[in-house]
Amino acid sequence: MQHQLVVKRLGRQDYEPVWKAMHEFTDQRTEETPDEVWLVEHNPVFTQGQAGKAEHLINTGDIPVVQSDRGGQVTYHGPGQLVAYFLINLRRKKLGVRDLVTTIENLVINTLKAYNIDSAARPDAPGVYVDGKKICSLGLRIRKGCSFHGLALNVNMDLTPFLRINPCGYAGMEMVQVSQFNGPSDVETVEKQLIEELVTLLDYERVEFSTEAPSQGNKA
């Protein structure tokens, strides 16, 4: 199972049902459960991470705010943004948390490089940046040696809701996206490149694709 990966393409989804399904998957997985990556575009929502502070919500207006249990502070999700959730058994992969963060950042950097977009990570603020402007946010949670939550890569979206918050707790943090650097404007194209890079970086040999929505069981 160490080299097997299931990739689920979930399409457009509200945040909370997917969040609850991630919890359930992580709670129920065993040592034999293959790792999964869930690819999704969320309907408009602000999510507060565990370090989130109310003062970073400037004017949320009609966009809902959800208190999440991922690391980090506030961010925005909306259509045209690629969200990837990494449900990985870190012990089985022999990865530490810092290793996983670095791997995810490199995953995005390599994906953007395929479109001739030069980007970099920052030691003081997780995520990926182009000329100091944020193109990808990152927030994770670890339970029972397994990760959940993940990244949000801006592809071709309305960035104005980011002006209603201090993204990731940084006042004036400018957000950018793939399409403005002559990269693809459709999320699906970027998804394919991202998964190719992930399979290489984390040494998966068997990859199964699915559009089946994750089960939420009886959780409310």
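Quick reminder: no glycine exception, Cβ is built from N, Cα and C everywhere.
The model shown is predicted, which means the values in this text are computed figures rather than measured ones.
Noted in Swiss-Prot for the protein shown:
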type: ACT_SITE; residues: Cys168; note: active site, acyl-thioester intermediate
type: BINDING; residues: Arg70, Gly71, Gly72, Gln73, Val74, Thr75, Tyr76, His77, Ser137, Leu138, Gly139, Gly150, Leu151, Ala152; note: substrate binding site
type: DOMAIN; residues: 31-206; note: domain 'BPL/LPL catalytic'
type: SITE; residues: Lys134; note: site 'Lowers pKa of active site Cys'
If you count Cβ atoms within 10 Å of each one, which of the binding-site residues Val74, Leu151 comes out on top? Val74
Neighbour count (Cβ, 10 Å) for Gly72 (substrate binding site): 22
Summarise the model's confidence over the domain 'BPL/LPL catalytic' (31-206) as a mean pLDDT value. 94
Which same-chain residues, if any, lie at least 6 apart from Ser137 (substrate binding site) yet have Cβ under 8 Å of it: Gly72, Thr75, Gly127, Leu151, Ala152, Pro167, Cys168
Three-class DSSP secondary structure - Val74 (substrate binding site): coil
With Cβ-Cβ distance below 8 Å and at least 6 positions apart along the chain, what are the contacts of Lys134 (site 'Lowers pKa of active site Cys')? List them in sequence order. Gly127, Val128, Pro167, Cys168, Met173, Glu174, Met175, Val176
Would you count the other C-beta atoms found within 10 angstroms of the C-beta of Tyr76 (substrate binding site) for me? 26
Cβ neighbour count (10 Å, all chains) around Gly139 (substrate binding site) is 24
Specify the secondary structure state of Cys168 (active site, acyl-thioester intermediate) as given by DSSP, simplified to three classes. helix
In sequence order, what residues of the same chain, 6+ apart, have a Cβ less than 8 Å from the Cβ of Arg70 (substrate binding site)? Thr47, Gly49, Gln50, Gly139, Leu140, Arg141, His149
